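Novice: The structure is given below, and queries will be raised subsequently.
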Amino acid sequence: MNSSTDPTFSELNASFTNTPDTLFATSVSSDPSHGFGEEDYACGTFNCSPKEFVAFVLGPQTLPLYKAVLITIIFGGIFITGVVGNLLVCIVIIRHSAMHTATNYYLFSLAVSDLLYLLFGLPTEVFLYWHQYPDLFGMPFCKIRAFISEACTYVSVFTIVAFSMERFLAICHPLHLYAMVGFKRAIRIITALWIVSFISAIPFGLLSDIQYLNYPLDHSRIEESAFCSMSPKIVNEIPVFEVSFCIFFVIPMILIILLYGRMGAKIRSRTNQKLGVQQGTNNRETRNSQMRKKTVIRMLAAVVITFFVCWFPFHLQRLIFLYAKNMDNYLDINEALFSIAGFAYYVSCTVNPIVYSVMSRRYRVAFRELLCGKAVGAYYNSGFARDHSSFRESSAYDRVHSVHVRASQHPNKFETDSSSANRVLIKKTYSLPLPKNADSTVLSTTDIVIVLENSHTVCEEPKVENDIWIENEETCI
């Protein structure tokens, strides 16, 4: 969390002992017309020195050693796993040309945004537990960190939503997906969401600054109280937190639930249809189909749960800060939420590579090659079907044991670029094993049709031809 994305910094950090109410009282008391009374600071008859006053409002300059060490260890583990995981995703996508797909471009964008946020946000966050005030980095760093951290947060949310939309179209509306398929479209979308995210984060960068407490007796500024935050007055007057909550949590959460719920229902429906057709087959195929269905649905559920768990505490804390400062035990609740929200917020940067990448067999093989130095690169051009989604059920060779060949009468209908000229349309007519060196995109049909290709085009044109209905069951992005 940071000076702008986290409400705790707008209230001087939830770990500070008497943060929100006393801080706002301080801001008001800087006006000479506002009389200072015992109710404002509860500092007795106010015999406090400036140093004692700062300690009363902001809490201790350094948190207890056990807490600082524990948080450093936990956040250090999050930092290492998050940086390593996201770096591996980026390196794998860059190194292997077979990974240059629309889906992986979204994953690359997500990994970069998570990396930037971890690098700019987490070290400073840990430092605050050891030295809460005065701020040592200055106003430029305060603004830059607030701006970049907020922007990267928005990029992550937008990327997850865009990625979910791609999956939804591929699974539920494959005929519509073909009209939009292509790397350039994915790059344009990613570029647009980065631009929109950075524009949306500009107010947080502009409004964040070094804030100070004012000594109530003479209204002088206490230099030792410097901290990076948005002005409490601005937070109360401009609904930055409310807008952020609606646009970057409520709406994305609703979209993700609807999209993945629809995808889960579609996968379940198709699996049940297959089981009905396969009643005469052996029980092993039925069990395998059921296992694949459960695996995919669990992954879909994991996406929704992960998004909610990682982001809800963060936004809940903002809302409590804005609307529940007068509730009983507010400070205790806010301090607990600070720890929970901070942990969940940064854990999302670590979990994303797992949820969206590591669950894919292709990524697991690539990671083993990268970490262990094993020469398994041939996997990417071997007999496995393209595995561009973490929801991949199986390879083409595992699912289709024999297919039949015929020449396509209209090959040009399938061309999407000049590199796609060496494709063969295969239809069930004569028995022929699927070549193990085929790089294929699986298309579920009533009469099996598979397109073998040697290009980077990742989704073939859905087609209705005679008695053939080509329906894309899995993501072909």
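Numbering starts at 1 and runs along the chain as it is shown here.
Just so it is clear, glycine is given a Cβ too, placed from its N, Cα and C backbone atoms.
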Novice: Going by Swiss-Prot, tell me which one of Cys90, Cys172, Cys228 is disulfide-bonded to Cys142.
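Specialist: Recorded disulfide partner of Cys142 in Swiss-Prot: Cys228.
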Novice: If you compare the topological domain names in Swiss-Prot, are Pro50 and Asn334 on one side of the membrane?
Specialist: yes
Novice: Considering only the recorded stretches 110-130, 238-258, 296-316, 336-356, state which has the highest number of Cβ pairs under 8 Å to the transmembrane segment (190-210).
Specialist: 238-258
Novice: So if I exclude everything within five residues of the ends of the transmembrane segment (110-130), which remaining residues of that chain have a CB under 8 angstroms from its CBs? That is, six or more out.
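Specialist: Sequence-remote neighbours of the transmembrane segment (110-130) are 1-2, 5, 13, 15, 62-63, 67-68, 71-72, 75-76, 78-79, 82-83, 86-87, 89-90, 137, 145, 148-149, 152-153, 155-156, 159-160, 163, 342, 346, 348-349, 352-353, 356-357.
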Novice: Residues of the same chain, at least six outside the topological domain 'Extracellular' (131-145), with any C-beta under 8 angstroms of its C-beta?
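Specialist: Residues packing against the topological domain 'Extracellular' (131-145) from afar: 2-3, 13, 15-16, 54, 58-63, 120-121, 124, 205-206, 208-210, 223-228.
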Novice: Within the topological domain 'Extracellular' (211-237), how many residues are helix, strand or coil going by DSSP?
Specialist: 6 helix, 16 strand, 5 coil
Novice: Counting across all protein chains shown, how many other Cβ atoms sit within 10 Å of the Cβ of Cys228 (disulfide bond)?
Specialist: 26
